[in-house]
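Features as listed in Swiss-Prot:
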type     : residues : note
REPEAT   : 97-126   : repeat 'ANK 3'
TRANSMEM : 277-297  : transmembrane segment
TRANSMEM : 308-328  : transmembrane segment
DOMAIN   : 371-421  : domain 'DHHC'
ACT_SITE : CYS401   : active site, S-palmitoyl cysteine intermediate
TRANSMEM : 416-436  : transmembrane segment
TRANSMEM : 462-482  : transmembrane segment
Amino acid sequence: MSSEIEVVEEIQSNPKENGESSSKGIEEESLKNDVYTAAAYGDLEKLHRLVECEGSSVSEPDALGYYALQWSALNNRVAVAQYLIEHGGDVNATDHTGQTALHWSAVRGAIQVAELLLQEGARVDATDMYGYQATHVAAQYGQTAFLCHVVSKWNADPDVPDNDGRSPLHWAAYKGFADSIRLLLFLDAYRGRQDKEGCTPLHWAAIRGNLEACTVLVQAGKKEDLMITDKTGLTPAQLAAEKNHRQVSFFLGNARSLLEKRCDGSSPLGRLSKLGLAPVLWIMILLLLLVYTNSVVLASNLPKLTTGIGALAWLGFILATAGLFLFYRCSRKDPGYIRMNIHDPQTMKDDEPLLKIELNNPALLAGNWTQLCATCKIIRPLRAKHCSTCDRCVEQFDHHCPWVSNCVGKKNKWEFFLFLLLEVLAMLITGGVTLARVLSDPSAPSSFGAWMSHVASNHVGALSFLLVEFCLFFSVAVLTVIQASQISRNITTNEMANALRYSYLRGPGGRFRNPYDLGCRRNCSDFLVKGYNEDIECHEEDATQRPEGISMMQMQRNPNLQNGNGHVAIDVNPTHNSQSAHVHSANCSHSHNSKSKSDNVPLGLGLGLSRNPTRPVVSP
């Protein structure tokens, strides 16, 4: 049995093709002179004339059952909405589907109108006939800023289920709005909530094939989230495979395998696994130093050390030992963990909110929702990142190094770089000393073949030391050069790897731009003296970014074309056909190809979720 969310979009047809006359519905001329159109367009002067001179009512719905206040809310007409309220408009008036003006304001994220409505007494928890609150609608359309506003300032419930048991997180996961998912998880939305079909948000993201949504949910979740089955007995990975979303199926299956193999940190084996490869590297360096000392520096079958060679030999030993000390500090030091903001349920009061969000936080004002960490429950700095291995957010995250069993970040990158630098210098010196000592053996034969045989039989330790050092030197040297280059440009390994994803690394025109690069000399001096590079705020605005503001170019109303919730189709782009979404009720079904999905968000509020039990199972 197949599991599916269906969104059927109807394209507005041409009246000529259907043989319809221009007289169908309400005349266009009359539309231009009613309070509803004036409210939608924000024509306050015309609205004033219609209400105060012609006696038009603002408290009555139009022929389709919608209020003027709803139209003004949809298009963020604040002045018009204020006028309508002052002249009898009811902020809690509902249309035939139970929707209020607040529902309509959530469609396009009209925060200003929503704030006005709520200040005038609008119910933030008002539900329509489908159980949708404003938070559901905002999640359906990816209006993250709207969600943040009504939850943080007006205590809207970010995890309330609708009539089908689906929370805003279900909707955001299905629609693939990763930023909304981050915010909802940040607000402690329940990842494991199952709707009437037994589906969690991860199930719906998998069905739709939204890889980014699945990634955010998995990173913030646990192994159990991947193992939950719906009423058909399928996990998210199996549903993704059924829908032929192979990349999502592979990701979910691989994530489950990794989490299942991860040992419990409280067990002896788990504590041992947390040590990583640091003990291996530590033992390797100690063994190399031991072999170097016994088989090269103090070797009895080699000539006595001269003053110059002896000084170099012990300098290499000292550098390697100092590198070991820095290696220990790097592996044990706090790399820049950011304090987690997780409440203790036992000490929380019943009326205390799970999390308090600062509305004036620069990250939220700028719309940088990727700075929200759903695991640590913090708004992390711009250059910080959550490490999946350490399960903590790290300031100026560079990378997680398994060889030091720790992250490399703002507070330990100095030790990490100097450790690499000292070890490279030590390998150069000790390798050169070893080669010089072996070549100076007076008992060695002159022919190359005989000399090799002599070295292999009489200087096994020195030869082994040279071979191991040769293998290690190039990889460590390359890593050191890369780190030095990044330090000189004040950029991290993580930023280099994700330069195309991070908006703060893009300048005008989308080209790469590092706002933190103060020049090679300043970058290097800051790092060597302070131990880290400074973060410089980037005050330049990207003109190419789409604003959160609401605008409406043109509007057309067709009384015969409605969506399932009763919203009239609105054409905001006259060069494209308008669309409306059809709500699937329990009594209707439509065939739908899950492989072809529209990335456009329907303009109506009706985005009903439905399962089609009659569809055959699609094999991957």
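Backbone N, Cα and C define each Cβ position, glycine as well.
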**Item:** Mean predicted confidence [pLDDT] for the domain 'DHHC' (371-421)
**Value:** 91
**Prompt:** Per DSSP, how many helix, strand and coil residues does the domain 'DHHC' (371-421) have?
**Reply:** 10 helix, 16 strand, 25 coil
**Item:** DSSP-derived helix, strand and coil totals, residue by residue, for the repeat 'ANK 3' (97-126)
**Value:** 16 helix, 0 strand, 14 coil
